[in-house]
Amino acid sequence: MTTRRPWYATALMYVALAGFLFFLGFPLLWLLSASFKSSGELNSLAVNLLPAEWDFSNYRSALERQNLLPAAGNSLLVSVATMVITVLLSMPMAYALARLKGRLRAAGTVWILTSQVFPSILIIIPLFLVLRSIQLNDTLFGLILVYVTFTLPFTLWMLQGYVAAIPTELEEAGEMDGASRMTILRTIILPLLAPGLVATAMFTFVSAWNEFFLALVLLQSPEFYTLPIALRSFLGAEGQMQLGPLAAGAILATIPSLIIFTLLQKKLTGGMLAGAVKG
Amino acid sequence: MSTATKTRREAEETPRAVKRVGHRARAQRREAIVLVIPALLPIIIFSVIPLVSGVALGFTDATLGRNAEINFIGFGNFIELFGDNRFWGSFGIGVVWAGAVALLTLVCAMGLALLLNSDLRLKGLTRVLALIPWAMPPVVIAIVWRMIYNPNSGPLNGALEAVGIPGVNWLGDFSTALPAVIVVGVWAGIPQTTVLLLAGMQSISTEQHEAAAVDGAGAFRRFWHITLPGLRPIILAVTALDFIWQFNSFGLIYVLTEGGPGGRTMIPPLFTYLEAFRNREIGYASAMGDVLVIAILLILSLYLVNQFRQTKGARS
C-alpha cells in the first residue's frame with residue numbers, strides 16, 4: 001500500500017498478528033511438547049511449553065503397547081488403494097466432463113455440487129446395510145470402496161479443471177495425424193495432465209488418511225482399525241488415558257498428511273497465496 | 001467449449017461435412033459412454049442408490065437387527081419425530097454451532113487475510129502455522145483440544161490458576177461445553193476461509209485502493225467501500241458452504257464430547273448416528289436424515305435466491 005500508516009496502527013496490526021500466531025500455533029506446540037513429556041509432568045497443571053525432562057519413550061509406547069503400528073498399516077493400505085483406484089476411475093470421466101458439453105456435463109456438475117452438501121449420515125445408513133448384505137462391512141476392502149465413492153466428486157472436479165486447461169488444439173493436431181482417441185489420450189493428454197494427477201492423488205490420499213466417520217461406522221474389529229479410529233479408541237476414559245503416548249500417536253498420524261499438504265499447498269490454492277509472499 | 005465452435009464452423013461449410021459431423025457426434029457419444037462408465041458405476045452403486053434408499057428408509061420401521069423385517073409405515077416416523085424434543089433440541093444446537101462457527105470463522109479469517117495481505121513481517125511463519133490445522137486429521141484436532149481443555153492437566157486451567165482464577169471443566173460444564181467446541185470449530189475452519197478470502201482480495205485491483213487513498217480515504221473506509229463489496233460473492237459462498245459443512249459435521253464433536261454433557265453439544269448428525277447405530281433404529285434415524293436434507297435444501301435455496309437477485313441487479 002502506498003499510504004503511510006500511523007505507528008499505532010502498525011503496532012495494533014502486529015498485536016493482532018501475534019494473537020493469531022498464538023491462537024493457531026499454541027495447540028500444535030502443546031501437542032508436540034506433550035509427546036515428549038513424562039506422565040508425571042503431563043498430569044500437573046504446570047504450563048511448560050518445553051518438557052522439564054525429555055521423554056522419548058512415548059513414541060515407542062504408542063507404536064508398541066498401544067498397537068498403533070498395525071492401525072498405521074491399515075491406514076496406509078486404505079489410503080494408497082483409495083488414491084490409486086480413485087485416480088484411475090476419475091481420469092477418463094474427468095476428461096469427458098471437461099471436453100464434452102450438454103446434459104452429461106450439467107448432470108455431472110450438479111451431482112458433484114450436491115454431494116458436497118448432503119449429510120453423509122443419510123447415505124451411510126443404507127450403505128452400511130448394502131455392505132453388510134454383501135458381507136463387506138467390517139472389511140478394509142469395503143472401506144476402500146466407500147472412500148472411493150466419497151472422494152470421487154471432488155477428484156473429478158479437480159481433474160476436469162486440469163483437463164480444461166489443456167488447449168484442444170493439441171488434440172486436434174493429433175486427430176489430423178490420424179491418431180485414435182485412446183492414442184491421443186495416452187500420448188498427448190496424459191503427460192500434460194501428470195502434475196494435476198499428482199495433486200489430485202495426494203489430495204485423495206490425505207482425505208482417506210484423515211477420514212474418521214465412515215471408518216467408525218464400517219469397522220468393528222480392532223484389527224481393522226485405521227489410525228484415526230485407533231487413536232480415538234485409546235482416548236478411553238478421561239482419568240486413565242495415557243496422555244504421552246496419545247500425543248505421540250497424534251503427532252505420528254499428522255506427519256504424513258502434513259508432508260503431503262506442504263507439498264500440495266501451492267497447487268491446491270493455485271498461487272492464491274503467491275501475492276501474500278511477495279507482500 | 002472450443003469443440004462446440006469447431007463443429008459449428010464445419011457444419012456451415014458443405015452438406016458433406018454435415019453428414020460427417022453427424023457421424024462424428026454419434027462416435028463421440030459412444031466414446032463418452034466408454035469414458036464415463038468406470039466412474040459412473042461406483043457412483044451409482046455406492047452413492048446414488050444409497051442416497052435414494054436413505055430417503056426411502058425414513059418411511060419404514062427398519063431396525064439394525066440382522067433378519068428384521070422392513071415395513072413401510074408412511075409418515076409414522078415423521079409424526080413421531082415432530083414431537084421428539086431431543087431431536088429438535090439437537091437441531092437448535094446444530095444451528096447455533098454451525099452459525100457461530102461459520103460467522104466467527106469468517107470474522108477471524110477476514111482479519112487474518114487482511115493482515116497477510118498487508119506489508120507486515122512474519123507473514124511466512126503465520127501462513128505456515130495457519131495452514132497446519134487444515135492438514136491435521138479432525139481426530140487429532142479433537143485430541144489436542146481435549147488436552148488443552150482438560151480441567152486437571154490442561155494449560156488453559158493452568159494459566160487461569162497461575163493468576164488465581166479457579167479452573168473450569170470446559171467440556172464437561174453445561175454452560176461452557178458448546179462455546180468450547182465452537183472455538184475448536186473456528187480454529188479448524190480458519191485456514192480454508194483465509195485462503196479463499198486472500199485469493200479474493202488479491203483479485204481486487206490495487207489501483208482502486210490507491211485512487212481512494214489519494215482521495216483521502218482511510219484504511220477502514222477503503223476496506224468498507226472497496227474490499228468488502230468486492231469480496232461479497234466469496235463471503236456469501238464461503239459462509240453458506242461453511243454453515244452447511246458444520247451443520248453436517250461429525251468427527252470433531254464426537255471425539256471432543258460425544259454430544260455431552262447432557263446433550264449440550266449434541267448436533268443432529270451425531271444424534272442421528274447414535275439413533276441408528278446405538279439404538280439400532282435405522283428407520284427413525286433415516287427420517288431424521290430426511291429432515292436434515294430438507295433443512296439444508298432450504299438454506300441452499302435461500303443462498304441461490306440471493307445469488308439470483310444479485311446477478312439480476314447487476315445486469316439491470
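Quick reminder: no glycine exception, Cβ is built from N, Cα and C everywhere.
According to TrEMBL, the protein has these features:
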COMPBIAS  B:7-16  compositional bias 'Basic and acidic residues'
DOMAIN    B:91-303  domain 'ABC transmembrane type-1'
REGION    B:1-22  region 'Disordered'
TRANSMEM  B:32-59  transmembrane segment
TRANSMEM  B:91-116  transmembrane segment
TRANSMEM  B:128-148  transmembrane segment
TRANSMEM  B:177-199  transmembrane segment
TRANSMEM  B:234-256  transmembrane segment
TRANSMEM  B:282-305  transmembrane segment
Task = May I ask for the residues of the chain that lie six or more residues beyond the transmembrane segment (B:32-59) and have a Cβ under 8 Å from a Cβ within it?
result = 72-78, 282-283, 286-290, 293
Same-chain residue ranges lying at least 6 outside the transmembrane segment (B:128-148) that approach it to Cβ under 8 Å = 112, 116, 154-156, 171, 183-184, 187-188, 190-192, 194-195, 251-252, 254-256
Request  = May I ask which of the stretches B:177-199, B:234-256, B:282-305 has the most CB pairs under 8 A with the transmembrane segment (B:91-116)?
outcome  = B:177-199
